[in-house]
Amino acid sequence: MSEEPRFDTVAKAAATPDLPQPYTELGMKDEEYARVREILGRRPTSAELAIYSVMWSEHCSYKSSKVHLRQFGEKAPDTDVLLVGIGENAGVVDVGDGYAVTFKIESHNHPSYVEPHQGAATGVGGIVRDILSMGARPVAVMDSLRFGPADAPDTQRVLPGVVSGISSYGNCLGLPNIGGEVGFDAGYASNPLVNALCVGVLKHENIKLAQASGPGNHVVLFGAATGPDGIGGASVLASASFDEESQAKRPSVQVGDPFLEKLLIECCMELYAKDLVVGIQDLGAAGVSCATTELAAGGTGGMRIELDRVPLRDPRLTPEEILMSESQERMMAIVEPDKLDEFLAVCAKWDILASVIGEVTDVTPEEEARGGRLVMTWRGETIVDLPPRTAADQGPVYHRPIERPADQDALLADDPAALPRPSSDEELRDQVLRVLAAPGICDSSWITDQYDRYVMGNTVLAMPHDSGMIRIAEDTDRGVALATDGNGRYTRLDPYVGTQLAYAEAYRNVAATGARPLAVTNCLNFGSPEDPGVMWQFAEATRGLADACQALGTPVTGGNVSFYNQTGSTAINPTPVIGVLGVIDDVHKRVTSAFSAEGESVVFLLGETRLELGGSAWADVIHGHLGGRPPQIDLDAEAALGRVLIDGAAAELLVSAHDLSDGGLAVALAESCLRGGVGCEVDLGDDAFTALFSESAARAVVSVRPEHETALVDLCAKHGVPVRRLGTVGGSALTMVHRTGRISIEVAELRDAYESTLPALFGNK
C-alpha cells in the first residue's frame, strides 16, 4: 500500500470536505470561499486556494472597481486607431506607417513604501514586461510620484529610495525616462504613490496576446528561477490598507534584476522575429497562478502543468509558494512542438533559463462553451483541477455602497477667494517666488538627472518639457508624445471635474508639443473600497474620465486601479493619474516650452482666464488651504485649444508652447524663461493677482515670431480660442506690468528659487 502524500491533493480534498482552511488569512471572505467550493463541487486544495486567493484579490480581479470601469468600454469613442483594448496586458494603437504603439501605466505604491528601492525598481520591471508581452520592444518609461511633506523624515527615507530604484532599473535596461511628475502632500505620508508607465513600438502584424491555444502546444516558463520573494504580494501588499505593522511586510516585496530583464527583452525580441511564440504572458502579480489561469482562460483549450518542472532558487518551496511567488523577470510562452528546439536554443543563446512545464490540452464538446480545465500535478499527484476562467475572469463583482462624504459641501463652500491676497507689488513678487519654489512645482532635476533621458538616441523631448517625445523607429520621422497628470487637490474637491481636469492637462501637454492626442491609460489611486465615501469618489472619477474621453475621441486602452491607499482610516486624496499618448508626423516640427533667446518673439496667452483658485497652488503654498470649487472644465474649449496648438506646430508658427496648470501664468512664464535662459516683459492687465495665480483650464502660453502674429490670431479665431497679446521675449528678467505697478524678477533669481528646493531638502545626488 503506497504512502499517502503529505501535501494536499484533489483526491484528499474530495475525501476531507470539512477540513478547516486558512482562507481568511489569505484575504478571502466567507462568501468568496463558499463560492469556490460551489465552483469545484468540493473544498479546494491548498494549491487551488492559493490560486483563487490571489486571482480574486482586489489587485488582480478588480472586484470593487469592475462595475465602474465598464463605462470605459461602453462610452468608448468611435475610432479606428485602437488595435487592442482593455483586457490584455496593455492597449495597442495604430500610429501610422504600419507601426503600432503599446503603452500602459501601473502602480507599485505599497511595496515602494515598505522597501522603496526594490518596490520602485520592480514596478518599472513589471510594466516593461507588460509591454514586452504584447510583442513590442519597450522604448521609454515615465513615472508619476507622490510623497508626504518634502521635509518629513519618512519622505527623506522613501523618496531617495524610490528614485534610485527607478533610475537604476531603467538605466540598466537602457530605456530613456522621458517624463512624469512629482507631488508632495501630507495625505501621502506613509502612503506614497509610485506609478510607472512604459511605451513600446511594434509592427501591426507582430501583436502578441495572452492566449493558450493549440492542443499539444508546450507551456514554457523562461527567465529567472522562482524564489520566495513577493509571495502573496498581490493579496498582502496591494489589496489591504497600511498600518503600523507595514514594515513587517518587507518579505512580500519583490527583488529585481535589471540585467536579467535586459537579456529577457532581447531574447523575446528574437523569439518574436522568428515567429516562435503562439501566446505569451509576463509573470507579475500572482506569478504562476496568474500566468497559467489567464493564458488558459484566453485560449480555446485547457492546460496541464507539472509544477515540479518550475526552476527554483529555493528547493524547499511548497507548491502553494511556487504558485504565489512574484519573483521578477519571468515570462510564460505557448510554443508549437516543432518550434520548441529553436525556442530553447534562442533562450540558451541569451543565457535565459527555460523549462517546459506543461502543455495545452483539448476540451470536450461539453466544456467548449465554458472553456477547458487547468490541471496541475506535484510529484505525480493532481493538486489543481479547476476551470481557469473562474479564477481569471469570473471572480466576485461587488457593487460597493456609495455615499457622498459628509464634509463635501463644507469643503466646496470654503472658497479661497476670501483668503488674504498680496497687498503690494513687493508681496506679490514674493508670492510668485514662493509658489515657484514649492516642492511640487519647483525644478525636479534632482530626480530626473538620475534618469538617463536620451539613451537609445530616439528621445526628441524629455523632462522638463510639457510631454516626453520619442521617434518610433530609425526609418521614420514619426514620433509619439506622452504626458501623465493628476491633481489630488482638485479631485478631493470634485472627483468628476478633478479627473477631467487631470485628463485635460495631459491632453494639453501632448498638444503643446505638436502631437495629436490619440489614446489614454490611467492609474486610479484611491483609499479603501469598503469606505462608501471613497467609492463615491471613485464612481465620480471614472464617470468623469469616461465622459471626457468620449467627448474628445480618445479611447481608454487600459490601466490599473490601486485601492487601499490609506493609513488606518485616513485615505489619500483621490489621485487618478491620467496618461495621454499622441502622435506627431514629423518630430522635427516639435515645439518646446522654452522661450527662444534668438531673434524677436511675441508672447500670447490662449484661452480664457477667470478667478479660479479652488485647489490652486497659490492657496496651498501661501495659505495651506484646500477648499472651494476646482476650475471649471470645458471640453470643447480644450479641443479647440488643442487644434490651435497642433495646427500651429504643423505650420511652424510656434516658437514655444507651454500649458497653464499648477501655479497658473506665474509658473508658466517663469518656466519658459528659465528653459530658454531669457527674460520677457508682459502686461497683466487690471488684475495682476488673478492673471498670475488663477488656474483656469484650457489655456496655454505661446510665443511666435512677429511675422506670424497675424497667422496665430487668425488660427485662434478659426477655432474660437480667446487670444491675448501679453508682451515680448527678451532681456534678463521676467517683468510683469499691471495697471498700478511693475514687478521685475531677474532670471537668475527665478533660477535660484526654482532649482534650490529639492537639493536643499535631499542633498547632493
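All residue numbers here begin at 1 and follow the chain in the order shown.
Cβ from N, Cα, C; glycine included.
What Swiss-Prot records for HIS59 is active site, and it gives sequence analysis as the kind of evidence.
The secondary structure of HIS108 (active site, proton acceptor), as reduced to three states from DSSP, is coil rather than helix or strand. Look at Swiss-Prot and you will find HIS108 tagged as active site, proton acceptor, backed by sequence analysis.
Marked as ATP binding site by Swiss-Prot on the basis of sequence analysis: TYR62, LYS104, ASN522, GLY559. Within the same chain, residues at least six positions away from GLY559 (ATP binding site) with a Cβ under 8 Å of its Cβ are LYS104, ILE105, GLU106, THR521, ASN522, CYS523, LEU524, GLY579. The DSSP secondary structure for GLY559 (ATP binding site) is strand.
The annotation Mg(2+) 1 binding site is assigned in Swiss-Prot to GLU106, ASN560. Long-range Cβ neighbours of ASN560 (Mg(2+) 1 binding site) (same chain, at least 6 residues apart, Cβ-Cβ under 8 Å): LYS104, ILE105, GLU106, SER107, ASN195, ASN522, CYS523, LEU524.
Taking Cβ-Cβ distances under 8 Å and a sequence separation of 6 or more, the neighbours of ARG129 (substrate binding site) in its chain are GLU261, LEU264, ASP282, LEU283, GLY284, GLU329, MET331. What Swiss-Prot lists as substrate binding site is SER107, HIS108, ASN109, HIS110, ARG129, GLN254, GLU326, SER327, GLN328, SER562, and the listing cites sequence analysis.
The Mg(2+) 2 binding site annotation in Swiss-Prot covers ASP130, ASP282. Secondary structure from DSSP puts ASP282 (Mg(2+) 2 binding site) in a beta strand. Within 10 Å of the C-beta of ASP282 (Mg(2+) 2 binding site) there are 26 other C-beta atoms, taking all protein chains into account.
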Per DSSP, three-state class assigned to ASP130 (Mg(2+) 2 binding site): helix
Entry from the binding-site residues list ASN109, ASN522 having the most other CB atoms no farther than 10 A: ASN522
Candidate recorded positions HIS59, TYR62, ASP130, pick with smallest Cα gap to ASN109 (substrate binding site): HIS59
Sorted by sequence, non-TYR62, LYS104, ASN522, GLY559 residues with Cβ within 8 Å of centre, ATP: LEU69, ILE86, ILE105, GLU106, THR521, CYS523, LEU524, VAL556, GLY558, ASN560, VAL561
Listed recorded positions (HIS59, LYS104, HIS108), ranked by Cβ neighbours within 10 Å, top entry: HIS108
Residue among binding-site residues TYR62, ASP130, GLU326 with least C-beta crowding, 10 angstrom cut-off: TYR62
Tertiary neighbours of GLN328 (substrate binding site) (same chain, Cβ under 8 Å, six or more apart): THR122, GLY125, GLY126, ALA224, ASP229, GLY230, GLN254, VAL255, GLY256, ASP257, GLU261
